[in-house]
Amino acid sequence: MLLAQRRLFSLGCRAKPIKTIYSSKVLGLSTSAKMALRFKNAKRIEGLDQNVWVEFTKLAADPSVVNLGQGFPDITLPSYVQEELSKAAFIDNLNQYTRGFGHPSLVKALSCLYGKIYQKQIDPNEEILVTVGGYGSLFNAIQGLVDPGDEVIIMVPFYDCYEPMVKMAGAVPVFIPLRSKRTDGMKWTSSDWTFNPQELESKFSSKTKAIILNTPHNPIGKVYTREELQVIADLCIKHDTLCISDEVYEWLVYTGHKHIKVASLPGMWDRTLTIGSAGKTFSVTGWKLGWSIGPGHLIKHLRTVQQTSVYTCATPLQAALAEAFWIDIKRMDDPECYFNSLPKELEVKRDRMACLLNSVGLKPIIPDGGYFIIADVSSLGVDLSDVKSDEPYDYKFVKWMTKNKKLSAIPVSAFCDSESKPHFEKLVRFCFIKKDSTLDAAEEIFRTWNSRKS
């Protein structure tokens, strides 16, 4: 039982204090509930608690569901990558802390690889930062360089963490949509999606600090052309703006297309941070290693964020990754190089998925890069009007499909700001970096689905 004083006020007149005996049951609040009221969330994370991955990964956890939602590979990893990790685990000093900004052998390997690509010398100690995945690189960049009140331009649809990361920094996301110039009756590809240069320029202001670029793009699979990148570069230079370039799918580009690094364009190196990912490069998403590459005057601010948060990344993983890179750096012109063999393998899987989607009346957007394929589900005519939810149609459709067809995907409106969601809610995203048996299971679901429609 608790003893407390209750002060009573009536019509502005102060009454004498009286003692009241009460219990927590009378108040109807448990101790944890009272603590929850007392210790609320920090304002910087207000409204950021919803996450598409938490919700839909849980739905796909049922073993009977074929998971084409979350973007993790279930294909066989390169054996040499696994072998290098095994070796590293048995070296005593590789099980201890390493350099906080990147294991020496890894930053040297990255310097060698990207030095060849950029055709310039990259300082491994000053111009490269190894991070906790591409997420870590994005977080470091935004926290280290974006101030409250700044504006950050984001193209829609966008990888879902961009918006909340910008808001956590107290900044304002400014959105511009990619629009499709699709012609009915023709093959729909990610190249059909582009931005309007005049509309993009209108988004720049005196408050613009940065633009976030994603190429190859998730979820659409767009590979930005040199001409498109030049428009972005010219605007960044004109408005003295940073470019945060998320290029984690850089090696996954398909026939007829080429990945171009925006930092390689004239005048862009000094204002660009380029993000890479071990998970996407070597199909090891669970390693959670990424990197930022850019000029020392920008990287140093990202280092400050890292040293006051995670400080360093796992040593044996970095050491193993370095050795894997050296193996493929030495054979970059060889078809067996993983940078070359993986996109060829995935192009076959992409084409297979496109056929499967077409077979049930879904209209796919053929990606030029990445390992996701989007489909328009409106032609299926699945009536979900009786579902009691104010969620966008694609959210309800994916939940319905997961429950009734045992096939999971991700709603594309999850990659949109609130204003753009209605324009994308008939699209869903499927992942195709899956082993053949997984795609076989998906094919069987599609075949059964199609036969029941007939």
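From the backbone N, Cα and C atoms, a Cβ is placed for every residue, glycine too.
Bear in mind that the values here come from a model prediction, so they are computed numbers and not experimental data.
Record features, source Swiss-Prot:
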BINDING   G71, N218, R429  substrate binding site
MOD_RES   K116  N6-succinyllysine
MOD_RES   K116  N6-acetyllysine
MOD_RES   K280  N6-(pyridoxal phosphate)lysine
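On the structure: features taken from Swiss-Prot.
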{"residue": "G71", "record": "substrate binding site", "contacts (Cβ under 8 Å, 6+ apart)": "N218, T285, Y371, F372, C431, I433"}
{"residue": "K116", "record": "N6-succinyllysine", "contacts (Cβ under 8 Å, 6+ apart)": "I329, M332"}
{"residue": "K280", "record": "N6-(pyridoxal phosphate)lysine", "contacts (Cβ under 8 Å, 6+ apart)": "G134, V248, Y249, E250, W251, L252"}
{"residue": "R429", "record": "substrate binding site", "contacts (Cβ under 8 Å, 6+ apart)": "G69, P219, F372, I373, I374, A409, I410, P411, V412"}
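Close to the recorded substrate site, the chain also has Y159, P219, G370, Y371, F372, I410, C431: residues not among G71, N218, R429 whose Cβ is within 8 Å of the site's Cβ mean position.
Taking the Cβ of N218 (substrate binding site) as centre and 10 Å as the limit, one finds 24 other Cβ atoms among all the protein chains shown. Take G71, N218, R429, the residues named in the record as contacts for substrate: the widest Cα to Cα gap among them comes to 10 Å. According to DSSP, G71 (substrate binding site) is assigned to coil rather than to any helix or strand.
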